[in-house]
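The domain 'KRAB' annotation in Swiss-Prot covers 1-61. According to Swiss-Prot, the compositional bias 'Basic and acidic residues' annotation covers 41-50, 98-112. The feature region 'Disordered' is assigned by Swiss-Prot to 41-114, 428-479. According to Swiss-Prot, the feature zinc finger maps to 113-135, 141-163, 169-191, 197-219, 225-247, 279-303, 303-325, 331-353, 359-383, 387-409, 415-437, an assignment based on sequence analysis.
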């Protein structure tokens, strides 16, 4: 049942049709064997009657009612069956099965309507017509709202529930409604407490072994999916598929992706849609192969914030964003009373009240619920802190962190709000402050003047390689690589200590 649950509604309906046809075929073959055996027994009985008629003295008199019944059976046997339609497979008529010992014959219809493509036969012409759509790819039932078409009316009825909000199947755990029972069953497995496949590194549980195998690559770093064009490797096949689209967009020729299908109807549908983009946006002219991507495109950024102009695809996202401007925090913590603007933040905060924190730091005693933040915290203790503050002796692993810390002692605040003039020591503080003013102002370049009067400017990085390779700093007379952010912080620090205040940059967020 597990592979059946993973199918989409259209594939499930096709699977049910094929299984029903197979069942009817087996029943028809079995009934044919029964009818053939009954016909042989009738032939033997007629011969015995003929032999008995030669000796009238010893044979008992016949019942007229039985004679009429037997005659009617013989007349029915001599009557030819109705002719099957032209071009349809003909099956020989089955011999009549008379009542024997009070047992009624089984009513199994003949299957005169055969498919010329695969040879399957059906008792009704309508069944054959519906089956033929598997080979032709015909989809006569179209949705009037989104234009998606289906081969059977039942599939269209199932699809239209998604538009009308008719979702009768509701999850008992979270209350989420679903249009079909199969979707509810697949969703309910996510709530199942039985997660037998557990990761040995972080303890996370999974319902399926394949999900655990995919998760294990996070710890092992395995990347089995390699791009044939540039050699870049990925841990998941879907990531490789998305990456290869970038080659097609940039003009580089990529090897064609071979797509496989489990049903011939899916292949027919794929061939009919390949290379065609009949759905076109009336506003920008962008074309799409199907209606659902066009609907998603129309929804993109349709809900805009009146304060900052930022667009959102959903009204709920806009409502959540509006709390940044209004300061609303409707989600309070029931234990400590702290309030949050988003429910996800409240759930994250609630974990701090739980005692289940198995990962404990041996240096500072801090506890963590999950392994990734614990490992990141441990790296902070293990890192070489060679950048030491001359005032308080505190060490830092990066020069940028030291430069930021130095502002605590110097009182330097290089980030100034262009609207009200308030200054801040960190750019993140300026970002939070500017939200209170409404729309964001454009970013201004980081610049100043050096000792010789030449302008200094933080040059933009052109690639990640330059970001990694072009970073140098002086550490104890030896050149060593540090983050580009450290270089920028050094420049910013020199400008703060050596240059007048009027030359300090006005930074935006």
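Using the three backbone atoms N, Cα and C, a Cβ is placed for every residue, glycine included.
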Q. Hey, would you say the zinc finger (197-219) packs against the zinc finger (359-383), going by three or more CB pairs under 8 A that are 6+ residues apart?
A. yes
Q: Using a Cβ-Cβ cut-off of under 8 Å, list the residues of the same chain that are 6+ residues beyond the ends of the zinc finger (359-383) and lie near it.
A: 201-203, 351, 397
(Q) Looking only at the zinc finger (169-191), what is the model's average confidence as pLDDT? (A) 77
Q | DSSP-assigned states of the zinc finger (387-409) in counts, ordered helix, strand, coil | A | 11 helix, 4 strand, 8 coil
